[in-house]
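Down below is the structure, laid out as structure tokens.
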């Protein structure tokens, strides 16, 4: 009996020892492993094989992206898997990584909510989840993460307001919530996070006024609250945040003046973005004291007065954007620019005087009242500059030959001035040029042969000058999308190849001595020159040639009549009554163009290509042209120092002129312009839209009671239409106008566009061949 008595306590002690050992070792050995495996299980796609090392053959502390503590073995302290192409959701099990200090999953494709279990990470210091597709609200349990000092949730799909629990994060130094779908106002409690040095709340649909409490953030360096719907004025106390380096409040509805002493109160200022608001008053001269400032954007406000900044003192200045304001006075005040400045634009103001010889980087002075000549010092234009726009002024004199030194220039616009003389042959050295506009001047002489070297030219406008001679043959070799030689004194034969095959891409009217060309131009035939002086041969040739011409004209006349009749038969139905064509799939277009073969290529350029094709619809064949646009591409020209936002001129959003990167709102703008062009048959680059008038305003002013005057006459061909017919067109035009608003925040989203088009389809049934069909 003694043996059982002795063994029982031994078994109890052994069991306790095993339990204690298991309990103490399990978190170290298994809890973090299980949490990581649960995280991996929530990943649906790992095309880059970032988690290939996450297997049983390798200890989890050596897994890719995982770091364990040296002080506490087998405890995970960081998970860093940024830009790994991971697709999935965030597992709630991450809350079990109780020693975790850093989690960085930015630039992946995580979706779903941020789990509330993240609040269990008491040691967490850095949460980086930006650039994903996370939704839902900001987790309120974050308030338990008292050691958190860096929280970045930018570029997700978070909704709701900025939760008050964030006020508990007293150690927070950086808060990034930009580019989400938040709502509400900027909460005053943010002013209690006194360690904050970075606050990013841009593009969050926030409303209301900027709270005064933000001024308590004395350590603030980056204050970014642009692209919202904020109203009121910027509290003057914010201009006393002496540590601020980035002060960005663009794209709001803010008003008021800039304090006169801003250059002294913000001594470390590097970036000042106030564009697209309602600010007024003068531009403070004290900005001359901001010796560290690099970028200033004041465009699209109502600033007035002279620009009295001493640019010679701003040695770090790179960009100065002040277009679409009411600045006036003499432009001499903008001279003596910094060598670092590569973009200065003050178009659409009321500046006057002559262009200073220190033009340096004045690349966009259009729509002012500048006079005098273009100084030869234009050759000193920064090699980084890609655009020179001096259009819509009253400049005189000749185009200096020094323009030939601007080898990296992609676009030059000197139109709507009073320039004279000849086109300098040196322009042929600007081989990167894709757009050259010299129209509406008094230029004379011939189009120089040296321009044949501009092989990348896509837009050429030499209209309304006194140019003479023949049309250069080399133009047929260019991939031109637009050519305007109208209202000159050109003569001779019009080519029939290249861009000259496309009537809608060229304008030659006003040249009385041009002849030949394609039939659609309706030009007279070019006279033939006799090749022999023998009278007998002349007597034979003349009647023969005349007879042949008569026969050819008769044949052409018959062909044209037949073609017109067939065309009228084919276009008797409005464009939006062709649902079968509107619903063409990519496969249909692929078959129609023979797989987009080169033999079907009509024309091509860096902004797009046009292919011819044939669509088989029941027993009928329809010839079509398929345009493949390439809008808003951010690309580079030759040389690493030259870059520009590429896009079809007239179709790219205005904000790209302020060096913004391509965005979905820019795509919406381009879509809106295309809608208006389709339904009005008018291009945004048409000469009809001069001064302040553009295609959007042209349509917008006619929507109430004059829509029949602005739409394509094509829509008038339908007989017996009722009021709903025009209501449908008006509804579509309204979408085009709203999509092409000047400010991104005023534009529709593509989701709204699709929803509205569906509503139009359901509300306005149309008829084709006696059948009720929806758009």
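The backbone N, Cα and C atoms fix where each Cβ goes, and this holds for glycine too.
The ATP binding site annotation in TrEMBL covers 627.
For the domain 'Leucine-rich repeat-containing N-terminal plant-type' (31-69), same-chain residues at least 6 beyond its ends with a Cβ under 8 Å from one of its own Cβ atoms are 75-81, 84-91, 93-94, 96-99, 109. Feature annotation from TrEMBL assigns domain 'Leucine-rich repeat-containing N-terminal plant-type' to 31-69.
The feature domain 'Serine-threonine/tyrosine-protein kinase catalytic' is assigned by TrEMBL to 641-757.
The signal peptide annotation in TrEMBL covers 1-25.
If you look up TrEMBL, you'll see 540-563 marked as transmembrane segment.
Model confidence over the domain 'Serine-threonine/tyrosine-protein kinase catalytic' (641-757) stands at 72, taken as the mean pLDDT rounded to a whole number. Secondary structure of the domain 'Leucine-rich repeat-containing N-terminal plant-type' (31-69), assigned with DSSP and counted as helix (H, G, I), strand (E, B) and coil, comes to 14 helix, 7 strand, 18 coil.
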